[in-house]
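Undergrad: Here's a structure for you.
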Amino acid sequence: MGLAWGLGVLLLLHACGSNRIPESGGDNSVFDIFELTGAARKRSGRRLVKGPDPSSPAFRIEDANLIPPVPDKKFQDLVDAVRAEKGFLLLASLRQMKKTRGTLLAVERKDHSGQVFSVISNGKAGTLDLSLTVQGKQHVVSVEEALLATGQWKSITLFVQEDRAQLYIDCEKMENAELDVPIQSIFTRDLASIARLRIAKGGVNDNFQGVLQNVRFVFGTTPEDILRNKGCSSSTSVFVTLDNNVVNGSSPAIRTDYIGHKTKDLQAICGISCDELSSMVLELRGLRTIVTTLQDSIRKVTEENKELANELRRPPLCYHNGVQYRTGDEWTVDSCTECRCQNSVTICKKVSCPIMPCSNATVPDGECCPRCWPSDSADDGWSPWSEWTSCSVTCGNGIQQRGRSCDSLNNRCEGSSVQTRTCHIQECDKRFKQDGGWSHWSPWSSCSVTCGDGVITRIRLCNSPSPQMNGKPCEGKARETKACQKDSCPINGGWGPWSPWDICSVTCGGGVQKRSRLCNNPKPQFGGKDCVGDVTENQICNKQDCPIDGCLSNPCFAGVQCTSYPDGSWKCGACPPGYSGDGVECKDVDECKEVPDACFNHNGEHRCENTDPGYNCLPCPPRFTGSQPFGRGVEHATANKQVCKPRNPCTDGTHDCNKNAKCNYLGHYSDPMYRCECKPGYAGNGIICGEDTDLDGWPNEDLLCVANATYHCRKDNCPNLPNSGQEDYDKDGIGDACDDDDDNDKIPDDRDNCPFHYNPAQYDYDRDDVGDRCDNCPYNHNPDQADTDNNGEGDACAADIDGDSILNERDNCQYVYNVDQKDTDMDGVGDQCDNCPLEHNPDQLDSDSDRIGDTCDNNQDIDEDGHQNNLDNCPYVPNANQADHDKDGKGDACDHDDDNDGIPDDRDNCRLVPNPDQKDSDGDGRGDACKDDFDQDKVPDIDDICPENVDISETDFRRFQMIPLDPKGTSQNDPNWVVRHQGKELVQTVNCDPGLAVGYDEFNAVDFSGTFFINTERDDDYAGFVFGYQSSSRFYVVMWKQVTQSYWDTNPTRAQGYSGLSVKVVNSTTGPGEHLRNALWHTGNTSGQVRTLWHDPRHIGWKDFTAYRWHLSHRPKTGFIRVVMYEGKKIMADSGPIYDKTYAGGRLGLFVFSQEMVFFSDLKYECRDS
């Protein structure tokens, strides 16, 4: 039995030893990360705690930044092991805080530029993420349903072999994951020199939160052995090979050469050869000797254990100062220390003494505590007297007492222990409660005056009886008063004020003047005395001698005041207004010259006429309104300057627009000066407006407009579906947009391969769903029907796509007309279509869709107008439209002479058209050279949407750039845009990923309007438009959601879209992709992606089959933004003024996100730079 037991123990030890994971030591098969980073260090960012494995330390991560990295030499060994076995096994036990995201291991660059490789437990998404940096770009591979952040202990086994990864959580096998590159290409030979291995440390918010134990890299074993050692059953740990073969003789981290049982090969069934069996017999003979020796050793240990047990059975003893005591014995060491034996332990303690009540206590010899002794004094033994008690009564006579105590054991204590004395605090009050009562009234007093009106008074007292002991006071008045009257008092008279002196009787030589007064202040009454003194008073006046009058000869200028003096001299006053001089002689003042802006200056002419005297202004020029001042003198001319303002019929009420139309002022140089435009919900020519249900600019019924003015007065051929182009191929009065069979070939449009060509046979040779009758390449598959040169021959079959007479195979710009074939940078792409014409870039890559190739795109744009500094014709002045009418390389925004005719812009009457003679035949301030067409683009100003930009004259989205905002997404298609109405109407037909259709016209200040219509009941997502577009990462967007909804994919961020209209500014650090996609869906701010400027607080979503009309105003110079959305005739939503200066202008376009059948109709944009 003993032999069998010993052999079993040895075999068990042998088996466990062969399967045990070796500790890190001299070999490189196991790398314990905590051991390598110095687990025993203090203040190392971790704290030792208990884990599920009692034989290994576990650490709570407190500050991962303080945990040192793995030493470079050990990290190099680890890298060499990974490269040798083309993979690794990573083991770890962890207890991660709930719903947190934390990094288990990370290989970070020493220059802090980022991570090369990391293993992250993403508790928010329930995944284990492997992050790899490949060619400077981060790739993330996730193992789904890896629920590790639960607050419970979890054990993971991660096996990575080349480009495959397999995860086990506890004993449960997760799904395989595939890496973008083999792991050995990440763990390069020089990795340890440029990077370091960190535990628990990730990005800014990705440090691990929780407890870690046994974090190890293991090599030279298999996942089966690892799982078996963990106690996992074979059924749960069956390993499926990852289809990796041994390369160049290296062994993989997990052996993949397992072969299943065979039933006919005996040796294969046994698994051991005969030679191996012979070897095992020899080993077992040697083991027999070892087992015998082991039996002897165990027998000896058993005997020693018995002797030790006998010793333990003896009763316990105590030893103190060499003396032996049994349990329970007590003894005294000295007079103050007592000891006792208790379970082999000696316990000693000091004797505690009581407090003595006497003052003469002493300690007798041989004792530890003091004692009191008898005394001969009678007072000895008494304590001091206590304080007297309170008096026994509060009034009258009472008593007080005090006491003392006696130590009768040690003293005689003669005398009393209590003393008593009398006390008297105050006399007791013998009164009783009594209410007060009035006495009788006193007689009335005599009158207070001897004459006139006075008063008499009487009084009474509250003393019959007086109130006491809180009795009630008397009620009523203690004093009464009433009037008394005597004879009236006499009033003495008083003088009133003197009157003014009257006129002197003569003007010179001495005369008399007098004044008077009345006795009425007051008049004497009731026997009063009259006033004392005279009623009148006289005095002498004008005593001076009479002079000689020098002004009698009229020496001054007509109208000038003359002043004479007694000596016969005289003096003239100032000249009249409009004259200058000394008063004797006065000359006319030229007010037009003295005040050069007294009248309106027009075309360099001061419209002022001088008269004698005075001046007058000429009437305001044609198309101006204002006053016509006239008068005399410089002061009058300065204070009353003529102001002539351009006439505006829209504000002065002289227009003839319909009451349901808006008057748009075009400027006083235009003829006419205004244009009438029907308001949303109405259509017509502006003079006459009728109802327009679908808001496409065409009335529901025919309107009786003036002769030859039928534009937008004709009845809408699809009154309930926007179709601003009114296309009607078969001329049946039903527009193509709502006609089920446009070509009347009895084939419905949704199944007709030529909906606008009669072809009942539906022949389609090239199977591109475009019938041969309408296919511009009937023998070449081209469903897009692209035709760059518009010659009727599709690009797919054209030998010269762009029509420049150069065959495609020799054309360096196949889609752009360029006869010269100039190619400055010799990259095979002609300058006309090269997005970096001066730098070699044959791939033409443009990651941010700003039409500048990545090779030359530096994104440095100091004025934020969408044009980088080295390509901006005004790098320091925002001018998104880059207008340069004289083509001198300097944009109009920073050019003081836009037409280069030598006349500065501020004085040029044709700023954009050269006219050095400045001829202006009608004198209206607009030169003849640009009369009625300011930019000379052959479009009259009244019809020109941008009269000051020769490059833009009408709204046109026929050419647009399609921008995918989630180019890697495969859950939906890219948008499909259908162009109608010469680019003024676009329809997006499919449920798609987020995308834009951006026109090529660029704008500074702009107004943008259009009709929005969803022609389906399917889906409820986003549609809208963009403005200020500069790249796929930088633009403004107005987007509208029908219902509140969370985006289905919560990676990389959770996105909640609320119903209602939103205005957002996109400034993405990542550009198109899943980050921007989720940020656009989310109603709110997403750091580094999107900021919401405004969201409709009423959360009104769009309705199916309902027409809406939007109007956008954007003024980049001030940052002003306003969006108004109409439903029919009424405003449904209004953002009000929003101010944001992120972008100084850009391009316009349309936006969709997961919404099909979106109609954008009757699109209009207008420049607002003036």
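Cβ atoms here come from the backbone N, Cα and C positions, even for glycine.
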Undergrad: Going by the disulfide annotation in Swiss-Prot, which one of CYS391, CYS451, CYS462 is bonded to CYS423?
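TA: Of the listed candidates, Swiss-Prot names CYS391 as the partner.
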Undergrad: Identify the disulfide partner of CYS531 as annotated in Swiss-Prot; candidates are CYS519, CYS546.
TA: CYS519
Undergrad: Determine, on the basis of Swiss-Prot, the cysteine among CYS572, CYS586 paired with CYS575 in a disulphide.
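TA: Recorded disulfide partner of CYS575 in Swiss-Prot: CYS586.
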Undergrad: Mind tallying the compositional bias 'Basic and acidic residues' (917-941) by DSSP state, helix then strand then coil?
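TA: Secondary-structure breakdown of the compositional bias 'Basic and acidic residues' (917-941): 3 helix, 0 strand, 22 coil.
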Undergrad: Using a Cβ cut-off of under 8 Å, list the residues of the same chain at least 6 residues beyond the compositional bias 'Basic and acidic residues' (840-854) that approach it.
TA: 825-829, 834, 866, 868, 871, 961, 963, 1030-1033, 1071-1072
Undergrad: Sort out the residues at least 6 away from either end of the compositional bias 'Basic and acidic residues' (883-894), same chain, that have Cβ-Cβ distances under 8 Å to it, and list them.
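TA: Tertiary neighbours of the compositional bias 'Basic and acidic residues' (883-894) are 872-874, 876-877, 900, 912, 914, 935, 948-951.
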Undergrad: Which whole-number mean pLDDT does the model give the domain 'TSP C-terminal' (958-1170)?
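TA: Computed over the domain 'TSP C-terminal' (958-1170), the mean pLDDT is 95 on the 0 to 100 scale.
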Undergrad: 10 Å Cβ neighbour count around SER553 (O-linked glycosylation site)?
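TA: The Cβ of SER553 (O-linked glycosylation site) has 9 Cβ neighbours within 10 Å.
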Undergrad: Under DSSP, the repeat 'TSP type-3 1' (691-726) has how many residues in helix, strand and coil?
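TA: Counting residues by DSSP class gives 0 helix, 1 strand, 35 coil.
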